[in-house]
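**Student:** I am attaching a structure below and will ask some questions about it afterwards.
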Amino acid sequence: MERLLVLARHGQSEWNLKKLFTGWRDPELTELGIDEARRAGRWLKSQGTQFDVAFTSNLRRAQHTCSLILEEMGQGGLETIRNEALNERDYGDLSGLNKDDARERWGDAQVHEWRRSYDVPPPGGESLKDTAARVLPYYIQTILPRVMSGERVLVAAHGNSLRALVMVLDGMTTKTIASLEIATGIPLVYRLKADTTVESKTVLDKDIDQDD
């Protein structure tokens with residue numbers, strides 16, 4: 001039985017380009033972000049991948065990425081389930097601020113702690129621990145059972161909601177997860193064992209040109 005789980009961070013958004021803290025704000029993808037999502041779909045198709053169901057957040061950049069991936073794979077009508085449990089981390093008072101401006105206001109060390117620590121939230125926002133507290137129950141109760149039943153599952157979401165999943169899947173600690181970066185538009189392909197642990201993991205090489 002194949003137990004396939006593919007995680008994909010959304011393509012570059014307009015606020016990624018402007019270096020703004022995004023969180024639950026809802027910007028669109030840039031042209032590059034659209035290209036990244038389409039490229040991810042082409043790569044997955046080239047690997048012979050097909051999905052039975054897709055999950056995404058309530059935010060447009062993840063939904064658009066999900067639809068573009070599926071469109072490139074010829075699966076545009078696939079069942080797609082949206083849930084705010086997969087939303088990006090809420091950056092609270094940082095939302096909408098330029099990252100350099102935030103550093104000037106609060107200092108490099110404080111902003112770095114808010115961004116990269118596991119359990120220190122920005123004012124009015126969520127820490128990665130808080131994000132994991134909503135992502136992981138949804139994964140365990142809703143997504144994982146479908147993977148374990150043999151369905152091939154795509155999750156198109158966000159850097160921090162996916163970091164919460166990768167921390168569990170890859171057995172990372174709260175310290176090692178701090179340095180993990182998940183690139184926009186790069187699928188992480190997991191195959192799981194019967195005990196739900198990881199059998200294999202494949203990552204799209206950013207340097208591969210899928211148009212060749």
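Glycine residues also receive a Cβ, built from the backbone N, Cα and C atoms like all the rest.
Small disclaimer: the values here were computed from a predicted structure and weren't measured.
Straight from Swiss-Prot, here's the annotation block:
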- 9-16, 22-23, Arg61, 88-91, Lys99, 115-116, 159-160: substrate binding site (BINDING)
- His10: active site, tele-phosphohistidine intermediate (ACT_SITE)
- Glu88: active site, proton donor/acceptor (ACT_SITE)
- His158: site 'Transition state stabilizer' (SITE)
**Student:** Can you tell me how many other Cβ atoms are located within 10 Å of the Cβ belonging to Arg9 (substrate binding site)?
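**Tutor:** Around the Cβ of Arg9 (substrate binding site), 29 other Cβ atoms lie within 10 Å.
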**Student:** Using the structure shown, find which entry in Arg89, Lys99 (the binding-site residues) has the sparsest Cβ neighbourhood within 10 Å.
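**Tutor:** Counting other Cβ atoms within 10 Å of each of the binding-site residues Arg89, Lys99 gives the minimum at Lys99.
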**Student:** Per 10 Å Cβ neighbour count, which of the recorded positions Trp15, His158 ranks highest?
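**Tutor:** Checking each of Trp15, His158, the winner is His158.
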**Student:** If you run the three-state DSSP split on the residue listed as 'active site, proton donor/acceptor', which class comes out?
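**Tutor:** Where the residue listed as 'active site, proton donor/acceptor' sits, the three-state DSSP reduction gives coil.
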**Student:** Per DSSP, to which secondary structure element type does Trp15 (substrate binding site) belong, with helix, strand and coil as the options?
**Tutor:** helix
**Student:** What whole-number Å value do you get for the CA-CA distance of Gly23 (substrate binding site) and Glu88 (active site, proton donor/acceptor)?
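**Tutor:** Distance (Cα to Cα, whole Å): 5 Å.
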